[in-house]
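Quick look at what TrEMBL annotates:
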| type | residues | note |
| --- | --- | --- |
| DOMAIN | 6-120 | domain 'Tetrahydrofolate dehydrogenase/cyclohydrolase catalytic' |
| DOMAIN | 139-280 | domain 'Tetrahydrofolate dehydrogenase/cyclohydrolase NAD(P)-binding' |
| BINDING | Gly165, Ala166, Ser167, Ile231 | NADP(+) binding site |
Amino acid sequence: MPAKIIDGNALSKQLRTEIATNSAILTAKGTKPGLAVVLVGSNHASQIYVRNKIKACHDANIYSELINLDENTSQVDLLRIIHELNENPSIHGILVQLPLPAHIDSYSVLESISPNKDVDGFHVANAGALMTGKPLFIPCTPYGCMKMLESIEYPIRGARAVIVGASNIVGKPMAMLLLQAGATVTICNSKTKDLSAHTKEADILVVATGKPKMILGQMVKPGAVVIDVGINRLPDGKLCGDVDYDEVKYVAGWITPVPGGVGPMTITMLLQNTLEAAEHFHQTR
Ligand SMILES: Nc1nc2c(c(=O)[nH]1)N[C@@H](CN(C=O)c1ccc(C(=O)N[C@@H](CCC(=O)O)C(=O)O)cc1)CN2
């Protein structure tokens, strides 16, 4: 029997309805949640993601501003704009869409966002808070993956989790979240020897490598939950994940599709983080 699908679109719909209700309640109390989305340049995929974020805000009763800057914007100008957003009381969340153009130092830019408005959870203060088990904002993609596991009531405590990919945005925070939920966690990276030996042991397998269809059926433990974070565009224009879905669906117990899996959940958790930022602002104003 093929794996059950964890439908990111359906789960997002349900969560976004709750977020929209809570945003409306907070607005009635005097604080309308506000998100600023900063896009530098004209990367085609980034333009789509940013457009989807702005629309999702609108549908969830969240105010949003898109700051679309020229590809050649200097780092100094970008930092000045972020400084202004840090000071703007109508904006509770700030997001700088990645990747940034090569002449800009992403680390400096992400560090310039006030940790209280860092709804991506990328600031080192937020990464550190997550590591100590007291997160302020959880990075949206791993947060979404955890919600997907929660939606199927997966018993994480004592499970063996393997994460393929060690990025600051996905792999490392995902490891922290699974560890805090009681899993025994292995993080694999591009230098890992005998990757299959690790992946075949996983009850929960999270893949975030950016390599299309690299996880094959024979690399997966029968019955495992497989969460595919990859979004790759093939030469024929179709999207695929880092998991060979057509093979792995006959081995796994649960699987996330691409498209319609982790991607929409990333945007949903951005809305959730923006709402939480606004609630925090409202309580401390
Ligand atoms: N500042 C950030 N930059 C980037 C992040 C991030 O979380 N914060 N993540 C990715 C891109 N990303 C969000 O920004 C993102 C990617 C994909 C999707 C999504 O919904 N994908 C759809 C398919 C969309 C398509 O047709 O291309 C799906 O999987 O169903 C949402 C968000 C890098 N940058």
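Cβ from N, Cα, C; glycine included.
With a cut-off of under 6 Å between the Cβ and any atom of ligand 1, the binding-site residues Gly165, Ala166, Ser167, Ile231 reduce to Ile231. Note: the domain 'Tetrahydrofolate dehydrogenase/cyclohydrolase catalytic' (6-120) comprises 60 helix, 19 strand, 36 coil (DSSP; helix = H, G, I, strand = E, B).
Gly165 (NADP(+) binding site) counts 22 other C-beta atoms within 10 Å of its own C-beta, drawing on all protein chains shown.
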